[in-house]
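The annotation region 'Disordered' is assigned in TrEMBL to 1-100, 550-579. According to TrEMBL, the compositional bias 'Basic and acidic residues' annotation covers 1-12. Look at TrEMBL and you will find 22-31, 562-578 tagged as compositional bias 'Low complexity'. Residues or ranges marked as compositional bias 'Basic residues' by TrEMBL: 32-53. For 103-131, the entry in TrEMBL reads motif 'Q motif'. Annotated domain 'DEAD-box RNA helicase Q' per TrEMBL: 103-131, in sequence order. Here TrEMBL flags 134-310 as domain 'Helicase ATP-binding'. The domain 'Helicase C-terminal' annotation in TrEMBL covers 324-493.
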Amino acid sequence: MSEPLEKREEKNIRKKRKLENTENSNNNTNNKKNKNDKKKKHDKRKTNDRKKNKADSHEGEEEEDNNNVIDGSNPVPQIERSDFSTNDGGDGGDDDNNDKVDYDFELLEVSEFTKKAIGEMGFTKMTEIQAKTIPPLMVGRDVLGAAKTGSGKTLAFLIPAIEVLYKLKFKPRNGTGVIVISPTRELALQILGVAKDLLKFHQQTFGIVMGGANRQAEVQKITKGVNLLIATPGRLLDHLQNTKGFIFKNLKALIIDEADRILDIGFEEEMRQIIRILPKENRQTMLFSATLTTKVEDLARISLREGPIYINVDEKKENATVEGLVQGYVVCESDKRFLLLFTFLKKNLKKKMIVFFSSCNSVKYHAELLNYIDVPVLDLHGKQKQTKRTNTFFEFINADHGILFCTDVAARGLDIPAVDWIIQYDPPDDPRDYIHRVGRTARAGGQGKSLLFLLPGELGFLRYLKNAKVPLNEYQFPENKIANVQSQLEKLVEKNYYLHQSARDGFRSYLCSYASYSLKSIFNINNLDLQKVGKAFGFQVPPKVNITIGASGKDSRHRGGNNNNNNNSLNNNNNNNNKAHFLKQRTSALKKDNNKQWSR
């Protein structure tokens, strides 16, 4: 008969304490030896080297003092700012520490089941964040990890979490032992896929709860017992508060992935409630974030235990984006933007590309337009039903080549294999968003390229990117190489009712999004040439639209010129079935005629 979970855990704690005592004893002996060795080396150094080392030492101490306290208003746990080179955290100040880290997965002290799964997944070497994070997590330390997107954070937290479940012999009747919180549904699904592969040879159960999914089906699975649960914040809080059969009293590990994104999209209060509800005793917490903001540090303060370890593998690197990423920008007037995008996509149909837009309606319009003229694209945005989003996501993942139009819903954490190009058709509002967008390519040591579209009046954004350690080169596209399909575009939008509706909605949403940019000195809606913007959406004369500027909704302004066409009235809400009707018209003679013109 198997032992109760509490007894198994107590035995493991005793073993761990015994091991720590042995390690401390060995460390004391080694420290004395190391001090003597260092003294001999120190005596041989030149005077200039001694001065330099002394200055470096003082500088490191000052930085550590400044960063230890997250919030100076209250006594809080100290965070060790260390670049981690050994299982016990290293000394955090030596550039040679990287040489001491072994990046071979085979040498990790994990179960044979986990090793076998890692091997079948095709991994042999760890990334830097994995090599520096997994060892301290395996001995039960709390970790605040910062690393660029595409650095391999998912395996870094899942491997130790699964080992906890394995060592404690978790069974469905024990309930949930590990919870992973993700900002978006797509990222949650992706983590689920990795967890499924890692648990292939284990007996522990796993599952997912997220907004948009069948809640009753989730309740049934939770009550049967899900050992490793992946969740989005809102749905997790719902189950914690309302699902009676949810056993989480045995929780041993809480993982918060993409913490900055979770807070950016408005889940700060939900996270506070979740942390208040979950048991704190004997709970290990792993908090990962691509960027460390004040809100992230505040979340770390309330969720991590005393003495957590801080690991930032990017602190000493020159660029904020991953190596292997070639980045550029192109300066283009508003009326030439779509023509350039169309030309670029047509020339790279055998590549795998992601194109970012600033609004759902803009994604919808451009996807409908290009599919209509036989440039196949997929679209992913927040207004779609969850089933549609999931199917689109996996279709693009499994494709060898293709084009995905999306909003920032797909910008964080997603691991899409072999993406060749990231195109930011609409620029982001913040350098951090730029970094997360381009993080979809050149992942885990791979290669990739990115292209940022800028208007002449938006070049000031490059200064912000430079300050954020993002290097960009200007790309030149000769005008005589750009497909001149403007007249065909305008005729198509004018003749097709549903496409006209979609173009109008996209135009309006683009202006609303532009008006909401925080960097007003660079992205100022009053500086836009609306005639040229309208051209990019296929209008000879831009429709007159009402846009609301500011959260209060009181500042409404009319934009555009043509108010005579009923198609342009903002009171005509877009029918949800427009796309279905729209696709039926693809077989019409009008489409055949247009295809001949667009293919020239």
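Note that Cβ sites are derived from N, Cα and C of the backbone, with glycine treated the same way.
Residues 138, 145, 147, 151-153, 155-156, 159, 162-163, 166, 197-202, 311, 313, 444-445 of the same chain lie 6+ residues outside the motif 'Q motif' (103-131) yet bring a C-beta within less than 8 angstroms of a C-beta in it. Over the domain 'Helicase ATP-binding' (134-310) the predicted model carries a mean pLDDT of 92. Residue counts of the motif 'Q motif' (103-131) by helix, strand and coil are 16 helix, 2 strand, 11 coil (DSSP-based).
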